[in-house]
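The structure under discussion appears below in the form of structure tokens.
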Amino acid sequence: MHLHFTPRQIVEKLDQYIIGQKDAKKAVAVALRNRYRRSKLPEDLRDEIAPKNILMIGPTGVGKTEVARRMAKLVGAPFIKVEATKFTEVGYVGRDVESMVRDLVETSVRIVKEEMMVKVKDKAEEQANQRLVEILVPSPQKQTGFKNPLEMLFGGNQNVNQTSESQDDTEIQKKRQEVEKQLAAGLLEEEIVSIEVTEQQSSMFDMLQGTGMEQMGMNFQDALGSFMPKKTKKRKLSVKEARKVLTNEEAQRLIDMDEVTQEAVYRAEQLGIIFIDEIDKIAGKQSNSVDVSREGVQRDILPIVEGANVATKYGSVKTDYILFVAAGAFHMSKPSDLIPELQGRFPIRVELTKLSVDDFVKILIEPDNALVKQYAALLATEGIEIEFSDEAIRKIAEIAYQVNQDTDNIGARRLHTIMEKLLEDLSFEASEITLEKVTITPQYVEEKLATIAKNKDVSQFIL
């Protein structure tokens, strides 16, 4: 966990991936820092301080989800993104709102389990290598055939058999020592071995996913699982691949799942972040239709955000200190259309601004995962170095901005469609052409995109 970052450091880290939206970055940075501050308080005071949930308002593609996702990744906190439209009111078929908490705990368990497996990796690899040695040099099968009754009575050949077995054991030990050295030197990596691994059983309760009954299915499956033995199956793998599989198995044996569960539930309760997207789609007063009541979904979300105990397969989880970040474009509705109780549970309001041409230019070149860098890396695998002139970058940004203005505004996602169309021919021919370097100029951009961008009817379908 990295809760020690200052708000300024958090904003600087987010700047590496997200352009603009300073207000949103500041809001999440303060929310994260307050968690660190809360952890330093005396226990009685700590219990009184709940996180201040955030409501992000802004059009699609401006970075709402990315801000929350990068924030969670930065501190290693359990994070899930859910869509408000996927939930249904209690009593209807569909996912109930408590499933978001169960998903958060599952994510937390996975994170903690991976961390603990890393800690025991060296020991697990050592045990996996030992198993590989035993597979490569197996113990001889002991003779269990019919014994002469006279030999059993007088023990005629007993000493001879014992001597023979001890000689075999000595030879096997020598062979295993040699194989150990070869394994350590990496000489047997491509050798094919047959190993027994625990079979991953597909659950008959998978069909319950998305029906709101998955928790019942999990509990029933766990009850059955304790009675049914685990199946194993044989797999033929190279030593290199077998080591990975066996190391994973040994690591899972070495970690204490009770400890994992305890830590995971604690992290979910104290550090968890739930991002509720499209909350504007359940806002509004029109609840008298044949559709599932949107207001009913809001009322179901309310107790989770306020603080409740949710039953999960890992035990009861308190939602009092989980940070909720809700987001919506609010094109057809406004935040005041949410029920008053839910509005009050999101005291921090952040409005994200529409992206300008300058923002598009920065998005194309500045972030660590910038689109221009991604396409350059992809084409470099074909031996082609691609370079964009500053004027070409500007031209791409202007076209993206203009198409957003003329059609639906989908924010930075427009750049993906623009770049795909721009480099479509080059990507198709890259494996066949002999050019070592290609420079993208404004004229090239104009040739590939301008005609389409100017024709509003065409750009709606292509860009």
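Even glycines carry a Cβ here, placed using N, Cα and C.
The following features are taken from Swiss-Prot:
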| type | residues | note |
| --- | --- | --- |
| BINDING | I19, G61, V62, G63, K64, T65, E66, D277, E341, R413 | ATP binding site |
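This view paints the features noted in Swiss-Prot onto the structure.
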residue	record	Cβ within 10 Å
I19	ATP binding site	20
V62	ATP binding site	26
K64	ATP binding site	25
E66	ATP binding site	17
E341	ATP binding site	13
Looking only at I19, G61, V62, G63, K64, T65, E66, D277, E341, R413, the residues listed as binding ATP, what is the longest Cα to Cα distance in Å?
34
If H, G and I count as helix, E and B as strand, and all else as coil, what does DSSP give for K64 (ATP binding site)?
helix
Per DSSP, I19 (ATP binding site) is which: helix, strand or coil?
coil
